[in-house]
Amino acid sequence: MAHAAPVDIANGNGVALGAPSNKKVAYFYDSDIGNFAYVAGHPMKPHRIRLAHSLIMNYGVYKKMEIYRAKPATRLEMTQFHTDEYIDFLQKVSPENMESYQREQTKFNVGDDCPVFDGLFEFCGISAGGSMEGAARLNRQKCDIAVNWAGGLHHAKKSEASGFCYVNDIVLGILELLRFNKRVLYIDIDVHHGDGVEEAFYTTDRVMTVSFHKYGEYFPGTGELRDIGIGQGKYYAVNFPLRDGIDDSSYKSIFEPVISSVMEFYQPDAVVLQCGGDSLSGDRLGCFNLSMEGHANCVKFVKSFNLPTLVLGGGGYTMRNVARTWAFETGLLVDANMEKALPFNEYYEYYGPDYELAVRASNMENANSPEYLEKIKNQLIENLRRTAHAPSVQMQDVPPDFPQTLTEEEEAELDDMDEDESKDMRMTQRQWEKQREPDNEYEESDNEELERANGIHPQNGNAGRKRQFTDYQNPDLADDSGAPTPVGGNNAEKVIQSKEADEVMEDAQPEKPSEPEGIAEEQEQLKEAQKSTEAEAEAAADVDKDGDVDMGETVPEKEAPNDTEVKKEEASSPKPAADSAQSPRKQVATAVMIPDAEPTTESATEKASSDSGDKPAEEPAGAEAETVAPTEAKEPEASGDAMDVDEPKADEEPSKEKEKEKSAEPAPSTADKPEEGKTEDESEAAS
């Protein structure tokens, strides 16, 4: 009886595709896979598997499946299909000694498309080990679906590398499935023909190979409609040759009818699905026009038949699109709801500019006419009818397990050992990988350390909104990024400390500076203080020997000693070292404490003269009498703290100038005189 394949509710009656199910999914990933690289400029990038894994973890899809790191396939396991001579060559060759293996490289087709790179044999072992272990778990009914995105290398031959593939993990996985299953169905949706797998099972009826691929002047040049198998395997090789630009609707119109007919006539016990990503739109080496949803529809349809399924990777040379699609298809297998906006992850910048879980089709022309597709489809279904009935298999003993395959007793022993060695841990890495979150779980797990160790980034509740470009901040950039200064908050004090304030406050330590009313006000005061400091420094530079501004050498020689004595008296006033380094910060604090006190003309003049008198005290000893008068007169810059000083005329006598200054000075009061033991600045602050 034919299997009633479910259809989409939107397009017809039936069960919704991807409806919730209790399928147990085993996911195989080795963190070392992303460390391998073919050669510089080679289109095959194993790093794409790491990108897909990062999305799977940060979307939380891992919570609904078990995660395994399979043991790499050994030489003995690889030689189930490949020749000993070929595997020995892969094990020995390296970039350092490849010159001595020139003859073997030619013989085994290792060179251009399939270069020798560091860790070649280890890479093949990881790829094949995941597929073989996934098949073994399906055989033991430990899972319903096994996923290995590092697998799917379908071009490798028995004793030859081909199409970026060295060891055919698909054939090794199918051989493992055949130990327990009578018939295995292999489906290939890569843009290239799965020639290596078809060639391996071309003469048997226990494996049916179905490939949808581009045909005609395209690698590998095989997969014609008339390639149907030979001998006992006649009609058990199914090839659907396609032309450029096939889109989602056209692909769906041929894929679902053909696979439904295969299920009806062949009745497989297990399915292997190769999900090559080079059939996606915009692939570097592909020529199809499938979107992410069109590609994933094939996975969804195969899953609906509820058969043990091994899902593998394959081609795909635009890394960001392959990672998106494989992550989406993993979520589809475990019935996870995945938001369109990508979660933040360590490779977030790869997915710009949209940062969405989507691969869109282009406006590429579809060279596959409906008439052409219908003609090929009818021919294939007619060939399937000629198989008459599902082939039978003679009863025989199940072959023994290989040494690398763990039995149930051995796995239980490893679980007990892991538990005994980690009694103080809440959850071990092994337990975390095996844990599956039930669908009715309402709270997130709090295993933050394990999640962080496995590359899962906290999303801060932003998974539901569309991410903006500025959400990702580069930590290497400087702080002056142009972001607005925050008002308030715990970090407000750090924000207001600009570079100028840091330089001014190096040596000054005010006892209790008053708190500013606002950040903007304090910044303004700091700027004013800086300006006044610069103005006073310029004015001090223009002071000549008699202490006046821009007077030149007009003082008679007989009065010079008197001025020197005045300067010495001013310099000899008791001033602590801390006060000599007083900064404008203290002046700002004083102004804030007494906002109503405005300096008069006399006090401002006195302050300017006292400041100019303090300046020589900061210079080294012996330099106070060596002040050189400037050759050109400069006008002092006006500041907010002192009034402008009028320039005296050069022809006026010095005695008249001094009398004028004395008459302008007010009589000192007891309140203005500084107390003994106090500096002028401290007495000024006390007033």
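Glycine too: its Cβ is placed from the backbone N, Cα and C atoms.
Features of the protein shown, as given by TrEMBL:
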DOMAIN    42-329  domain 'Histone deacetylase'
COMPBIAS  409-422  compositional bias 'Acidic residues'
REGION    409-687  region 'Disordered'
COMPBIAS  423-439  compositional bias 'Basic and acidic residues'
COMPBIAS  440-449  compositional bias 'Acidic residues'
COMPBIAS  524-534  compositional bias 'Basic and acidic residues'
COMPBIAS  555-572  compositional bias 'Basic and acidic residues'
COMPBIAS  604-618  compositional bias 'Basic and acidic residues'
COMPBIAS  619-631  compositional bias 'Low complexity'
COMPBIAS  646-664  compositional bias 'Basic and acidic residues'
COMPBIAS  678-687  compositional bias 'Acidic residues'
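As a summary of secondary structure, the compositional bias 'Acidic residues' (409-422) carries 13 helix, 0 strand, 1 coil according to DSSP. For the domain 'Histone deacetylase' (42-329), the mean pLDDT of the prediction comes to 96. With DSSP classes pooled into helix, strand and coil, the tally for the compositional bias 'Basic and acidic residues' (524-534) is 11 helix, 0 strand, 0 coil.
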